[in-house]
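Engineer: Before anything else, here's the structure in question.
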Amino acid sequence: GQYRIRLNERKMPIPKRVGIVGYGHLGQFLEAAISKREDLEVAFIWNRSPGALSHLDQRLVCHDLTDFASFSPDLVVEVAHPDVSKQYGALFLKEADYLVGSPTALADAELEASLRTVAQSGTRGLYLPAGALWGSMDLRKMADLGTLQGLKITMKKHPSSFKLKSPLKELNDGVSGSAVTLYDGPVRGLCPLAPNNVNTMAAAAVAAHNLGFDGVNGCLISDPALTDRHIVLVEAEGKGGFRVCTERVNPAAVGAVTGNATYNSFLSSVVAAGAMGPGVHLC
């Protein structure tokens, strides 16, 4: 008799098409990392300064973000500036999942409410990277149950690693010998003053949604001794005297806004984003 042999062919997954908005250090890292993966591909790249994209395949360059949908992205990733979410966030969510790399934008209560509405009523999801926030899922679970009663995020960095607005800029410029506390108070008030540095705190405010941007406390410390690392302390309090404190030490060069470990953490968020459906999600 004749025997028919069926060979099992490996079916390759259809890669997720990722639009990258911003081509600074993190945007460049993502473009290089995505090009090495089979489950992701670059749909487009946009940058505020188009000249930085001159070396790329020009078919991937998006010159006008209002035209982003023509590149058919499955996911749009913002790694540029909080203002991008204000201007284009709702537009992105109508066509693709949206990963907000600058969640400090959501300290604007009106913007947070509008993006939540679009994400919850449409077919696409709004995603926020956990970044340097250790224990984000645990905080989210406690918030869901209403057992999270207090949360404080303390970030310590070298003075040169901060990009601040007045009056924190002037205070940080005067730091020389010992560490100085630049801010200690509600995260909502800090985000507009340090939009590039406190995305971890903004992510915490979203995770701890029963406390929010007004109930989560942020402390920013400028320390000249931290020449090779950033430090993030997370202090959570719950019912019945429950308390947990974690310290995350992230290697970072002097002047680096983003620590080394955060790059791979962000890539993991890009891989995970899009799998949870409509709504607001941490990943």
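Cβ coordinates are placed from backbone N, Cα and C, and glycine is handled just like the others.
Just so you know, TrEMBL annotations never went through curation; they're auto-generated.
Feature list, courtesy of TrEMBL:
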DOMAIN    22-129  domain 'Aspartate/homoserine dehydrogenase NAD-binding'
DOMAIN    180-262  domain 'Aspartate dehydrogenase'
Engineer: Please list, for the domain 'Aspartate dehydrogenase' (180-262), how many residues fall into helix, strand and coil according to DSSP.
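Structural biologist: Here the numbers are 23 helix, 32 strand, 28 coil.
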Engineer: What are the DSSP helix, strand and coil residue counts for the domain 'Aspartate/homoserine dehydrogenase NAD-binding' (22-129)?
Structural biologist: 56 helix, 20 strand, 32 coil
